[in-house]
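Trainee: Structure incoming, see below.
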Amino acid sequence: MADSRDPASDQMQHWKEQRAAQKADVLTTGAGNPVGDKLNVITVGPRGPLLVQDVVFTDEMAHFDRERIPERVVHAKGAGAFGYFEVTHDITKYSKAKVFEHIGKKTPIAVRFSTVAGESGSADTVRDPRGFAVKFYTEDGNWDLVGNNTPIFFIRDPILFPSFIHSQKRNPQTHLKDPDMVWDFWSLRPESLHQVSFLFSDRGIPDGHRHMNGYGSHTFKLVNANGEAVYCKFHYKTDQGIKNLSVEDAARLSQEDPDYGIRDLFNAIATGKYPSWTFYIQVMTFNQAETFPFNPFDLTKVWPHKDYPLIPVGKLVLNRNPVNYFAEVEQIAFDPSNMPPGIEASPDKMLQGRLFAYPDTHRHRLGPNYLHIPVNCPYRARVANYQRDGPMCMQDNQGGAPNYYPNSFGAPEQQPSALEHSIQYSGEVRRFNTANDDNVTQVRAFYVNVLNEEQRKRLCENIAGHLKDAQIFIQKKAVKNFTEVHPDYGSHIQALLDKYNAEKPKNAIHTFVQSGSHLAAREKANL
């Protein structure tokens, strides 16, 4: 292996060396029939037409035509790896989940890192939140902790999620990323201020995937063996140390090595530098939740660590690269509704929305039997239920067992110990407007107390450098929001915008919009 090449670059050579003592496999069709000639199609004479009987060609071409599956609507670009979670501290007083059963217990895991808004071919070094999803293969089925690298999010009501993502994606006419769309949405929804401030800070462009923290972000509920429950948040802190990329380095890498994050993770694991994260929880009792100064289920806010300290739980360690990217990373499906006994959902509205949205998009992208795909299969649990058939049913379809319940033939029975924790709710049923639920207090604390002067300066520069491409009226709305956080925050951004706006005229792509018709006025006049 050439000394100048990294393991990712030498993957093909490494594969060959591993098989050096083996004879080459016999080339076959998808049905296993040996292939005599893979380089030439069957024709009538050297210049004649192809024959339909050339099943080697049709088998190859038909499969090629169907290689791609729908891209994830968000988190399309990603890297994956496998490893284990090891318990280092006892939290059984909070949760009966088997994953936390005893100190020293190891549970296999799969992890996928990702950017959010970009397509599958986009650069790893863009300013964007990072997905940090963990699948725990437990004896009680899979637990999917579908987190990000930030403890907060842009919105607190799931009905806004499609519009939020649309604003971050491409303009429906120009098919270009549109700063007007991005900043118009953010400026109209000031609950985004906290996440926007985090995003445009130094941590907005992590140095690969190994040097960033992860967060479950949502509020969850833990239930112990006595049926006692608490609310919790999950944190996983990088043991490699936080490292971020400068704007300049990120821009350079996006051209020189757009797959920088994937390459860095693969090479680290291939050379035995296994990345790890220390796993923590925060705990809040139900009584504390009742007297908390704000909604403890609000995804745009954090729980202060001084009041709700981090409690160590264990370690996440990644020690295996994917054997095949498509099989183990592109097809992996994380679902927040996959929660074994001892871990449950809270009233967090965004979490509640994701409980439906994630399995729904997996059924669209991968098919209704996506849990049969090996990387998604809960292989450490025995799956026994009354679900049958459907496209791509890849197992024994549970044989001749009854497919209805209840029945009198000894088929799977319900497990009372798996009953969810009961809780009583009362209140008015309506659509509650949460747009103005204190959008600035924690952002102000972040700006004043967490960031130093140099970091605040870079934050304002990063925001202004992006906001400058939006229209002036949108700039004004955004600056007004930042000013409400802190006068200096708004004034520094405005000063930078004034400089940008004085240096060059605003460029705009004008489109004709008319309700109920796609025809421009001139086109209609010519009808």
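Cβ coordinates are placed from backbone N, Cα and C, and glycine is handled just like the others.
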Trainee: Given the candidates Ser9, Ser167, specify the residue that Swiss-Prot annotates with phosphoserine.
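Mentor: Annotated as phosphoserine in Swiss-Prot: Ser9.
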Trainee: Tell me which residue from Thr300, Thr483, Thr511 Swiss-Prot records as phosphothreonine.
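Mentor: The residue tagged phosphothreonine by Swiss-Prot is Thr511.
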Trainee: Swiss-Prot annotation phosphoserine: which of Ser192, Ser337, Ser515 has it?
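Mentor: Per Swiss-Prot, the residue annotated as phosphoserine is Ser515.
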Trainee: Of the residues Ser246, Ser517, which is given the phosphoserine tag by Swiss-Prot?
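Mentor: Among Ser246, Ser517, the residue Swiss-Prot annotates as phosphoserine is Ser517.
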Trainee: For which of the residue intervals 116-119, 160-163, 380-383, 524-527 does Swiss-Prot record motif 'Microbody targeting signal'?
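Mentor: From Swiss-Prot, the annotated motif 'Microbody targeting signal' range turns out to be 524-527.
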Trainee: Just how many other Cβ atoms lie inside 10 Å of the Cβ on Lys306 (NADP(+) binding site)?
Mentor: 6
Trainee: In whole Å, how far is Lys233 (N6-acetyllysine) from Ser422 (phosphoserine) when you measure between their Cα atoms?
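Mentor: With the alpha carbons as reference points, the distance is 20 Å.
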Trainee: Count the Cβ atoms, other than its own, that fall within 10 Å of the Cβ of Tyr358 (heme binding site), considering every protein chain shown.
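Mentor: Cβ-Cβ neighbours of Tyr358 (heme binding site) within 10 Å number 19.
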Trainee: Using Cβ-Cβ distances, find the residues under 8 Å from Lys237 (NADP(+) binding site) that belong to the same chain and are at least 6 apart in sequence, listing them in sequence order.
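Mentor: Lys237 (NADP(+) binding site) has long-range Cβ partners Asn213, Trp277, Thr278, Tyr280.
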Trainee: Compared by Cα position, which of the recorded positions Ser9, Trp303, His305, Lys499 is the closest one to Tyr358 (heme binding site)?
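Mentor: Closest by Cα distance to Tyr358 (heme binding site) among the recorded positions Ser9, Trp303, His305, Lys499: Trp303.
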Trainee: Out of the recorded positions His75, Asn148, Lys480, Lys499, give me the one sitting nearest to Trp303 (NADP(+) binding site) by CA distance.
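Mentor: Closest by Cα distance to Trp303 (NADP(+) binding site) among the recorded positions His75, Asn148, Lys480, Lys499: Asn148.
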Trainee: Drop a 10 Å sphere on every Cβ of the recorded positions His75, Lys499 and tell me which sphere holds the fewest other Cβ atoms.
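Mentor: Counting other Cβ atoms within 10 Å of each of the recorded positions His75, Lys499 gives the minimum at Lys499.
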